[in-house]
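Asker: Sharing the record's features from Swiss-Prot:
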BINDING   37, 38, 39, 40, 41, 42, 43, 44  ATP binding site
DOMAIN    4-245  domain 'ABC transporter'
């Protein structure tokens, strides 16, 4: 069963050039779904379209869009407590003039009615998931942390809300191998043990082959291959997909990807 089902998704720029070309996409419930492809293929555009985060100079159309079996009219009502978004510009999520403990508490209490002590308990638990301790984080400002630490705080801020769906755009790209693998293990755990759903965009094909159950391959704005993990491990693949998996490249991203 799919949690998100969008049909004939098309994204165009101001010159009417199609950047995403009429794709059908399902994000399967309680699975790790992946979208792979080279830089410039349009992967991040798809994530932003699903979240209604596209830049103003791009237009998005589709024939139908359902979330959890219901037609989507205003997706913003689901943000935070139902849909979490992990994206690369994590530093933008925190300001520099308020301590992180106060910011994280405000985020939690925005979505859940709770006292400060309960919020701090949930924050402490989420920070421990990403190998951080509250005593090292909550009394600091964002600029006092390294990029890797701040990214893990950001991931914790999404996970603490326990959203039904997490859309993650290169969630561990800025982390070292040890912490990156730990975060991926955590994301796999919340899907397998807690029934959450993950849609991940990544260039790390080793992670895709290790963690994901369903995979989409995007090339020049079109989905050229899709299937479960067994299809990608054991069946004949599109030549483009074979090339991606063979080299397992970590490619730089351009503005729209």
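Keep in mind that glycine also has a Cβ here, set from the backbone N, Cα and C atoms.
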Asker: Tell me, if you would, which residue among 37, 40, 42 (binding-site residues) has the fewest other CB atoms within 10 Å in the structure shown?
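Answerer: Each of the binding-site residues 37, 40, 42 was scored; lowest Cβ tally within 10 Å is 40.
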Asker: Quick check on the binding-site residues 39, 44: which one has the highest count of other Cβ atoms within 10 Å of its Cβ?
Answerer: 44
